[in-house]
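According to Swiss-Prot:
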type: BINDING; residues: ASP493, ASP499; note: Mg(2+) binding site
type: DOMAIN; residues: 560-619; note: domain 'KH'
type: DOMAIN; residues: 629-697; note: domain 'S1 motif'
Amino acid sequence: MSMFNKVVKEFQWGQHKVRLETGEVARQASGAVIVDVEDTVVLATVVGAKSAKPGQDFFPLTVDYLEKTYSAGKIPGGFFRREGRPSEHETLTSRLIDRPLRPLFPEGFYNEVQVVIHVLSVNPEIPADIPALIGASAALAVSGLPFNGPVGAARVAYIDNAYVLNPTRDQIKASSLDLVVAGTERAVLMVESEADQLSEDVMLGAVVFGHEQMQVAIDAIHELVREGGKPEWDWQPAPKNEPLIARVTELAQNDLLAAYQLRDKQARSTKLKEVYAATSAKLEEDASAAGTVAADKATVGNVLFDIEAKIVRSQILNGEPRIDGRDTRTVRPIEIRTGVLPRTHGSALFTRGETQALVVATLGTKGDEQIIDALEGEYRERFMLHYNMPPFATGETGRVGSPKRREIGHGRLAKRALVKCLPSADEFGYSIRVVSEITESNGSSSMASVCGGCLALMDAGVPMKAHVAGIAMGLILEGNKFAVLTDILGDEDHLGDMDFKVAGTEQGVTALQMDIKIQGITKEIMQVALAQAKEGRMHILGKMTSAVSGANTQLSEFAPRMITIKINPEKIRDVIGKGGSVIRALTEETGTTIDISDDGVVTIASTNSDGMAEAKKRIENITAEIEVGQVYEGTVLKLLDFGAIVNLLPGKDGLLHISEIVNERVKDINDYLKEGQQVKVKVIQTDEKGRVRLSAKALLNEAAAASQSDTPPQQ
């Protein structure tokens, strides 16, 4: 009899066979599931603490997605030859898994939960993110933790006007859509996508298609739980302290209402802090008078937050003005300025209300492309977008340093929005880096980065296919009443039921991200929300187009200029030289950057046009073929008894035989030639070994014949 209580479930999912397995590996974790999708194998584990830490007032969920290089049959690079800090892809996938799981834990559950997913084996054609999300959901489901799942997930492509479920990597490359959707049986919870200017209807259709197709995975997880699940935890939320809620409401309700009449964020924040402090102080007075212990600040803070949420939500649903005085459809005032920084290649300052992004575009060469060492193989990225939000953007102090998960996620969203509207590498050979510095933030800073990024790229002279704008939307739902909010503030983001960000052009959507916190948001509600988002996007695009009609036709004087020439691929080694000696000398002496691709395309870049011209000339000389009948100005390298070695082109010499110097007989070659002397010669013969024979007298004879033909006949 086996020591394992192993349970396996298999199902067909689109074009792939999926296997779920629990009970054999990682048995001391609260839950563990292995997912195998056509040889892409992940191990998802969950551990939940049995009790919350004292004073804990938030849900401490961490999700770590870790790729092991052995899964692709590789040994890690670097001195230590082991995996180091998570890559950007691992961080983004961790966020992707976290987002649909987090809202499914019950309110008041503050026990620490850690989800760890290891990628154990990789089929290069099957991305591991969807198996990882399915595995995390299944591990939580079998663990018995209080979790309102399971969650299913699916990737959807759009090829030849048809949706494709869980496409291979090759299919993703051919698709005009890469969309990931996750949700429960009844509701969509998360959408992440990149698209090539598709309509809202196509995008929503992909979400609905993915949600329908993921049901088979949810059913399989239910079966796995029935046979291999652990007993459900006997966890109950702490009973609500009704007397405390009543007293806090009595003390703070009117002051909170007054605070939310203040339209300025800083003034409102100051007033709210005062209300929180005054309420806590009054409760301590009450407790002191009664001889009891006052409720801790975290508990009081949670009650106050709930009151705030009710105030803001009811005002909006009742048609009253929003926190900053706007109605539900109005976009905040927009100010645009380009060419802000004098010595950068392109820059823009985009301000929308109290959110502001200073965005800078830099142009580089092929050598500046980012090399990504992924499990499926190494590849290069010519477009990079980095998002930074320092603490001063929200008027706070805090840590400044390497980017946090949120910054990496926002940067990727902005990149997704812009990448489909960039010119191809053939049209515009530069590598491009965009950096968005958030200088003020009150909601929707990632979408400000999209708008500012597009404007900075145009300022840098990048011929964008179209203007790209982004807008953040919110949604509040109570029973049958709902309100869609255009261009949400930070406070509205926290207090709403759904926030979603849509970026695109006049023609269609380039990126859509949705995070839904509740069940019950229907396709019809999403349709209304997307239509309102389009209205807001068109308004912003109008502002952007009136400020900047198109890309600058001239690059910045500080940007590198580039020329491209094609050489015979067999000559690449001649340009590079032994140990890189030739190309190193070329770049140092001409002040250029030179990149050579395997197909013989040479890109020369420099801010100095003379240096580029010199580098081009020298490369052409190095790679030129010696042709019979061609005349060259050469340098005598060495004198021999029977002739001279003459250098014609870099690395290409020929023999000028003693009999080919002049017409008369030459007794001593030193009477005619010296080492270092410039001499004009004609190529009279080459052989299959590359040997070249030269003649100087042939040119003398040609000159004599020409002068003779020019002499008029005598009478």
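From the backbone N, Cα and C atoms, a Cβ is placed for every residue, glycine too.
Keep in mind the model is a prediction, meaning the values are calculated, not measured.
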Give, as a single whole number between 0 and 100, the mean pLDDT over the domain 'KH' (560-619). 89
Secondary structure tally of the domain 'KH' (560-619) (DSSP, helix then strand then coil): 32 helix, 16 strand, 12 coil
Just to be sure I understand, if DSSP states are collapsed into helix, strand and coil, how many residues of the domain 'S1 motif' (629-697) fall in each? 7 helix, 36 strand, 26 coil
Hey, what's the Cβ neighbour count for ASP499 (Mg(2+) binding site) at 10 Å? 21
